[in-house]
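Swiss-Prot lists these features:
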- 109: active site, nucleophile (ACT_SITE)
- 446: active site (ACT_SITE)
- 492: active site (ACT_SITE)
- 501: active site (ACT_SITE)
- 259: N-linked glycosylation site (CARBOHYD)
- 487: N-linked glycosylation site (CARBOHYD)
- 1-24: signal peptide (SIGNAL)
C-alpha cells in the first residue's frame, strides 16, 4: 500500500488534441451512430449475441482471481473456502455502537480503508453489470456477487446518519508495527469518521458511487437491499457535494497511505453512477454542464486508479453517447460528446502502434506508470479498453480515429488481451503475477495472513515470518501482486512490498478485464 498522485499525462493531452483536430477535418465522412459519436463506419459489423465459446484461459484465471476477495474478508466468515482464514475483527465498530465487522482488508495488512474498499465495490459492480453473463457462463457470478455484498454491507453500516461516514477502522501506524494473522490481532482498532465539520468529499462520493452502482446490480435480485443502497448513495452524494474537502486534509496521517489528490473526480463519478441508477436528469446535468466544465478536465485526462476516476467516468459516460440517453438537452449532449472524445483519446494512447501511443511501457509491452503497484494502471487501462471495444461492437461503430489512423474494436481488444496475457505469464520473467494461476507465480507475497502458519502463536511480533526467505505457508489465491519494474524484472521477496504486495482494488478491475475476455459478446445498452 503506498501513496500516488493523479498527475496529468502529457501523452494524453497530445492524443486528445490530435484526435479532436483530426475529427474536425474528416467530419464530412463520419457517419453518426446511435446517440451520436465519431466512429467511422467502414463496413457493417455483426453485433455479437450472448456469450459463445468460453476461452478457458481467461475463465480459469477469473475463477482464481475472485478467490482473493475470500482471502481478504473480515468479520464472521460464511461458507469460508480458504482453509487458513477464520473469523476476525468481530468487534470492529463497537465503540460507536456499530457493526463494522465485515468489509475487506485493503492489502497485506489489516486496516479497513473505506476509500479503496468502495472503489473496489464500484468497479466490481461495473464488471458485473457489463459482464454478468460471462461470469455466469463460467460459474463465477455468485462469487462476484458475494464479494460485492460483503463490501456494501460494511459501507451501509459505516453510514449511520446522513452526514456521518466512517472512513477507516484501525490505526495504520500501529498495524504496521505488527506482523500477525488477522484472526489473532488484539491491538486497539480506533474508528475515523467524516462529518460536516471534518469533511471528506472524496471518500463519501466514492462510497456513493459504490452503493449506486451496486444498487443496480441487486435491483433484480433483492429489491429491498437495492433500495437501501440507493438511498445511502443519494445521501452520501449530497453530503460530499455540500461539505467539500479532502479526507486526507482533514486527517493528514492518511497522506501516508491513501493520499487522494482531489475530490472533483469522485463527485463526477458518483453522479454518473447515480444517473445510471435513477435516470434522474439532475445527475446528468451535474456531470455534463456546469460541474463537467469545472471538474472534468476535458483535454487533460489521466490514468484510472483508486485515486483518479476521470478516465473511468469518461468511458462510463461514453456509453450514453454510444447508445443514446433519453431527453437530453443540447448542453448535456455536448458534455457527453466531450467525455467520449476524451475517452477515445485515452484509448488511442493505449494502442501500441497508434500515432499518439504512450511511450510509458516496458520492453515486454506492459503499460507502466509507477514503480509501486505497477500492475494497477495496466489492469485498469486494459479493463477500460475491453469495455470501450464492446461498446463499439454493440453500437456497430467500426473504428476509432487516432491522428488519422483507424482502429477497430478488435485492435482495442487486442491491447487488453496483451495486458492480460502479460499478467498471466506472457512476459520476460515467464511468471504469472496472479497467485495460484499457472505453474510459476510469486511465492513470497507480502501478506501477513499468508506468510504465517495458521497454528503459529506470534502475538504482534511475528516479523520472523516477514523476513523469512521461505515460500508462504499459505497461498493467497487470486492475489494480483504489485508487478514488475520498468525493465520487466521482479524480485520475489516478502520484504519487497513495492512488487509483492497485493490489493483488493487491483482485483476489482482484474475481474472485469478477465470477464470481458472470457468471450466476445454484446453489452446491454442500458443497465436498468
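Here the Cβ of each residue, glycine as well, is placed from N, Cα and C on the backbone.
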Within 10 Å of its Cβ, which one of these glycosylation sites (259, 487) has the largest number of other Cβ atoms?
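Answer returned by the neighbour count: 259.
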By a simple count of other Cβ atoms within 10 Å, which of 109, 492, 501, the active-site residues in the record, is least packed?
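It is 492 that, of the active-site residues 109, 492, 501, has the fewest other Cβ atoms within 10 Å.
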Is residue 492 (active site) helix, strand or coil when read with DSSP?
coil
Just how many other Cβ atoms lie inside 10 Å of the Cβ on residue 446 (active site)?
27
Just the number: how many Å between the Cα atoms of residue 259 (N-linked glycosylation site) and residue 109 (active site, nucleophile)?
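One finds 17 Å between the Cα atoms of these residues.
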Out of the active-site residues 109, 446, 501, give me the one sitting nearest to residue 487 (N-linked glycosylation site) by CA distance.
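Smallest Cα separation from residue 487 (N-linked glycosylation site) among 109, 446, 501: 501.
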How many Å separate the Cα atoms of residue 109 (active site, nucleophile) and residue 501 (active site)?
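For residue 109 (active site, nucleophile) versus residue 501 (active site), the Cα atoms are 9 Å apart.
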Between residue 501 (active site) and residue 446 (active site), how far is it from one CA atom to the other, in Å?
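Just about 5 Å between their Cα atoms.
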